[in-house]
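Worksheet: one structure, shown below.
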Amino acid sequence: MASFLHNFLLFFCSLSLIILTSSATKSQTHVPIRPNKLVLKVQKDRATNLHVVQIHKRTPLVQFPFVIDLTGRFLSVNCENQYTSSTYKAPVCHSSQCARANSHTCRTCSSSKTRPGCHTNACGLLTTNPVTQQSAQGELAEDVLKIPSTQGSSPGPMVTYPHFLFACAPSNILQKGLPKNVQGVAGLGHSPISLPYQLASHFGFPPKFAVCLTSSPGKNGAVFFGEGPYFMKPGIDVSRQLTYAPFTIGQQGEYYINVQSFKINNAMLPSIPKGGFGGAMISTTTPYTTLQTPIFRALNQLFMNQLRGVPHVKPVAPFGACFDANRIPTSKMGPTVPSIDLVLDNKKNIMWRIFGANAMIQPRPGVMCLAFVDGGMRPKAPIVIGTQQLEDNLLQFDLMNSRLGFSSSLLFRRTNCANFNFGTSSTNTDP
């Protein structure tokens, strides 16, 4: 009898321990993940030189490519191309979601059958193709979005934003000039429903994001949301040793930095307007830095004066200063040419240095050109800093303090923007 009682007690204790352990394990697997940093992989499209980010949306979950746009105010999605999701909703006009999106327009869909992007009494948003600047009214919508978390060195578990706000855009404006098969535009601009603001607000981390665009098609650059560190192989925190400068916001949510002048080999650009050139817009949808005609001509002349001993050749459009590529040696920083400094604050010696890899382009064999183009007499901004000059540089946007942190070329630190360890992110998600 004593032996039976002893065995029964052992069995009961073992069973209780198994139940408690199972319950604890189950509880742990359902603890909501509150990440302090998120990451998306971004690739350079060979045909357009635009950069495309992969985003998971809908129910059931599907991954889609979107062009990243630093001037975009929200995520614009082609909802006319078989958009199927059980969690799609169109907030009604004058709702709190519409107020958050600064939408004060009620739209009516002419179709008798409702579908994603076509609801009556929904909120209207003006959607724009960032390449062609073609615009059309779209529908404010919300749906599930999932995104990989990270501690800074590799992707972690996917986390969920169940009611992410975006715009359903007409398919005809999301085609011309954009990479094949993209499903819309990922807006990173200064707006309440842009990706950076929504993600920071939902997950509770500081409103900061960083862009690291790769120069190599087929490889992955990264867009980080949240504070650093951001590690690139071999274990380099590229968020350290940044130079900082204030930025201002344009009417459409664009980011501008003040450029006082250009400097090449310590030679300052002549004929500088009082106070400098003013706002230089940073753009991920402009392939090469675009300059107002007088600035373009002056910079080309100064660069040709400083690049001595290299024969000039006939310019290849759209570039203005081209050279015999066989006479330009290369190094880890790209073509060995004089570096170009964007002088942001001459008194404080704050400069953004552009080395050969970002300054030069080889449009055809044997020819190398200065990768700056003429924007005409009345461009959107006197200077638009394009992706050729942004690639393999880390740019961190601190939205709370209106401050830009920039690394200059990561090649100088023996790494680049394709060196984030994406590996394979976990499929585990939070609620």
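Backbone N, Cα and C define each Cβ position, glycine as well.
Between C106 and the candidates C93, C98, C118, Swiss-Prot records a disulfide bond only with C93. Record source Swiss-Prot places C168 in a disulfide bond whose other cysteine, from C13, C79, C322, is C79.
Per Swiss-Prot, the cysteine from C13, C98, C212 that shares a disulfide bond with C123 is C98. The disulfide bond recorded by Swiss-Prot for C109 joins it to C118 [selected from C13, C118]. In terms of Cα spacing, the disulfide-bonded residues C98, C106, C322, C369 all stay beyond 10 Å of C118 (disulfide bond). With respect to Cβ neighbours within 10 Å, the disulfide-bonded residues C79, C106 differ, and C106 shows the lowest count.
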